[in-house]
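K.L.:
Here's a structure for you.
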């Protein structure tokens, strides 16, 4: 949580937490910071983190910033809540020069929580220093040269083989095998050998240059291993079908319907042949690949947002689609009522374009979003403010906040993308110009 020094800045279960005053030299009453709704950070004030609002909080930098990443499902087990935490990320850089870019596998481990361990209450300074050293977070990094900026990365498992789909600035979509990278980040000796002798020889196992321009939209089917969708800035969407021998057949006939850049794609989690798309033409469309590409669009909401629709997320547990646009709005669409063209909920907390949205993988009503206003917000559709609590009378500013807003996280610069960890409940990972952040709040 980002806060002015001396003040808490979080919305927890719809209500703010308070600390002392913003001016370290004053003893005035506590105030609640409302991003975009209250006074801006003043001279002499500093945004700081309230560690009590986080169960886990770590940051990491990898040199060049990463526009996109994905969390790699691992074999460490599901529903992991015990700390310290370990996780694996696959990311692509946007370096200043094309030849400086890398596709990376990150292993973050020894991630301890923000709560002090029992031994930290000891009077033995030497023992405390040893504990602090043991609790330092660790990062292993295996890199593969990629001679162009990477727009988007998405990871899937084809049986026991992990692969990454990579959209590049040069207009190609490539598939990389990740098994070797996953092996070496677990073994320091193997990592040293890989970086010295092997990394320059790693090439994509498949590439497609038929988009005729760059793009961002890419999604692996959660139901049919190896089935892939890619969408470009020229309004075209192509279907990839896996073939025997670890290759793909890419249909050269694009799905036709959007009139501007395809920004994001999402497969249905319940139907093998259905997917959703969103576009800079302000629309969201639902498609069925059983129809010919020119006739596959089954449902359309032509004006889903006031401007570009940047991102969508299809709930794995409910018939809901979540969207975020250049208008800063977050909208929830009930697919059973999609023909109506009206969302079942609209939230306006972000003061700039929404850059990423994602439903919580276990909790059906919870989702997270990031924006170009450098906010990460957490939401719960099930939350309603108690009208008899009197809290809005205590602080009238609360009345302006959406009831479903759980938490507002600050502190990043130029936020691009976020993902919930599918195996570690409540853990969020984000990427920004300022680097990666791994955190879990007290709210989720």
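A Cβ is built for glycine as well, from the same backbone N, Cα and C atoms used for every other residue.
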K.L.:
Would you please say which range out of 83-110, 111-138, 139-166 has the annotation region 'Disordered' in TrEMBL?
P.N.:
111-138
K.L.:
Checking distant contacts: for the repeat 'WD' (255-290), what same-chain residues at least six beyond its ends satisfy Cβ-Cβ under 8 A?
P.N.:
215-224, 227, 229-239, 296-316, 321, 323, 325, 333, 335, 338
K.L.:
Just to confirm my parser: what is the rounded mean pLDDT across the repeat 'WD' (302-336)?
P.N.:
97
